[in-house]
Amino acid sequence: MFRNHASRITAAAAPWVLRTACRQKSDAKTPVWGHTQLNRLSFLETVPVVPLRVSDESSEDRPTWSLPDIENVAITHKKPNGLVDTLAYRSVRTCRWLFDTFSLYRFGSITESKVISRCLFLETVAGVPGMVGGMLRHLSSLRYMTRDKGWINTLLVEAENERMHLMTFIELRQPGLPLRVSIIITQAIMYLFLLVAYVISPRFVHRFVGYLEEEAVITYTGVMRAIDEGRLRPTKNDVPEVARVYWNLSKNATFRDLINVIRADEAEHRVVNHTFADMHEKRLQNSVNPFVVLKKNPEEMYSNQPSGKTRTDFGSEGAKTASNVNKHV
């Protein structure tokens, strides 16, 4: 009888003992970043001993592509709709012709030096629009005290992604003084141009970037095709560590694999900016950014549908909407 009572007491006390032990263990564990660190005045003395890690060069929001899947990335073109779109398209085509001509890219055979120099220059420009758009939407959210609904993060991640393209290419080749000077001048011009343009017409800037990314996909597709056909034989076939970490590439990844993932990034920016331009055109710039759901959990797209509506129903309505939109494109 005594043993039965003892066993019941032990069984009843077990949860309390377990909770107490866990609490004590939790209390005993000092947090890595907590009040002790927050109450300090400076961490200046730690700067000389902080290790340099390539993984810290970017945020954790990194692209994850399947190499076989992105082999199917296609060259696409969205036809201009109206004066704003036409102006954006003509501007991009003019910029491409001027750059291809003065950089001599369109003359002679394709070489590794031409490709890397071209990418170095263009990626310094490509990282500007996302930062400008993200900054202005950030200021707008503060000014009007309203939620941004996911646009800012997508634009800033785009800017960071383009910068990581640049960080990769400078590991393959360091630009000379003339190229560095031209980059500084071009960046200043593009920043001021895009800043003013975004204040006046965000639709124009997003459409401009969409067409710019169309050209980028064309360029990178041409590079991949030249490698496949043997017209371009890369000597720098080892992918830099910063690229392997950022895109989660294997150690035996090739220069072609690198171009493949960068092309996929540009294709994503292409559809994102064309979508944002379409949203401005339809006065939906204050709506939720669809890519915050599409890229992470597409099933949520159907969670807000009326009761009884199925995924198939939503898809058919989406097809009708796309058809109607295409009539105006």
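A Cβ is built for glycine as well, from the same backbone N, Cα and C atoms used for every other residue.
Features of the protein shown, as given by Swiss-Prot:
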- 115-135: transmembrane segment (TRANSMEM)
- E123, E162, H165, E266: Fe cation 1 binding site (BINDING)
- E162, E213, E266, H269: Fe cation 2 binding site (BINDING)
- 181-201: transmembrane segment (TRANSMEM)
- 300-329: region 'Disordered' (REGION)
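Same-chain residues that are not part of E123, E162, H165, E266 yet have a Cβ within 8 Å of the Cβ center of the Fe cation 1 site turn out to be C119, L122, A126, G127, N161, R163, M164, L166, A216, I262, D265. When other Cβ atoms within 10 Å of the Cβ of H269 (Fe cation 2 binding site) are tallied across all protein chains shown, the result is 24.
A Cβ distance under 8 Å defines the sequence-distant neighbours of the transmembrane segment (181-201), meaning residues of its chain 6+ beyond its ends; these are 84, 120-121, 124-125, 128-129, 132-133, 136, 175, 208.
What surrounds the Fe cation 2 site, by Cβ distance within 8 Å of the Cβ centroid and not counting E162, E213, E266, H269, is the set A126, E158, N161, V209, L212, A216, D265, A267, E268, R270 from the same chain. Counting every protein chain shown, the number of other Cβ atoms lying within 10 Å of the Cβ of H165 (Fe cation 1 binding site) is 24.
Packing around E266 (Fe cation 1 binding site) is summarised by its Cβ count: 25 other Cβ atoms lie within 10 angstroms of its Cβ, all protein chains included.
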